[in-house]
Amino acid sequence: MGTSNQPHIVWHEASVSKEERQKRNRLKSCVVWFTGLSGSGKSTLANALDRKLFEEGIHSYVLDGDNIRHGLNAGLGFSEEDRKENIRRIGEVAKLFVDAGVVTSTAFISPFREDRDNVRGILDDGEFIEVYVRCPLETCEKRDPKGLYKKARSGDIPEFTGISSPYEEPVNPELIIDTDQLAVEEAVEKIYAYLHAQESGK
């Protein structure tokens, strides 16, 4: 149940519960929260997992950091305050997807541990699967698919995570994926197996 600081705004319960929606899916809805440096492989893994789930007939969706900034978060910049608001909004959107019975993958750098923990806090136990997409900065910088590291090194992008702004590594993530060691297919199978193990209570 949500809360509001406006006393005249009340929460309306849905006629179809989250549990009823989950029973129609083959996997319990949750947020698979991919976090890591730019270029670590978050979006690649999120979309590969989404494809795997789709092919298995499981309702799923990807919330991608770049895509969200084209719409919902178009007005936000990259200051610490705006980054926090970016993640707060995504957490709320992801929660709605979970309530709809959808396995939701999110691909955001989400550099601050507190922000990730806040998202975990608004979800039920077991619904936030933190996946640390771990990759050495040197490797991410070599990949640099968007040319962002080059711009950050030259000073064109201020407060760039890993260069001029910190990335706070997860302390106890549900999964760690080393993308400089695992192929995409191997990583997806590892995540997929984890989700099914959670479903069966193993």
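One is the number of the first residue shown, and numbering goes on along the chain from there.
Using N, Cα and C of the backbone, Cβ positions are placed for all residues, glycine too.
Copied over from Swiss-Prot, here are the features:
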ACT_SITE  Ser110  active site, phosphoserine intermediate
BINDING   Gly36, Leu37, Ser38, Gly39, Ser40, Gly41, Lys42, Ser43  ATP binding site
Starting from the Cβ of Lys42 (ATP binding site), draw a 10 Å sphere and report how many other Cβ atoms land inside it.
27
How many whole Å apart are the CA atoms of Gly36 (ATP binding site) and Ser110 (active site, phosphoserine intermediate)?
7
May I ask for the distance between Gly39 (ATP binding site) and Ser110 (active site, phosphoserine intermediate), taken between their Cα atoms and rounded to an integer number of Å?
13
Would you mind checking how many other C-beta atoms are within 10 angstroms of the C-beta on Leu37 (ATP binding site)?
24
CB contacts under 8 angstroms to Ser40 (ATP binding site), restricted to the same chain and 6+ apart in sequence, sorted by sequence, are Val133, Arg134, Cys135, Cys140, Thr179
List, in sequence order, the residues of the same chain other than Gly36, Leu37, Ser38, Gly39, Ser40, Gly41, Lys42, Ser43 whose Cβ lies within 8 Å of the centroid of the Cβ atoms of the recorded ATP site.
Phe34, Ala107, Ile109, Val133, Cys135, Cys140, Thr179
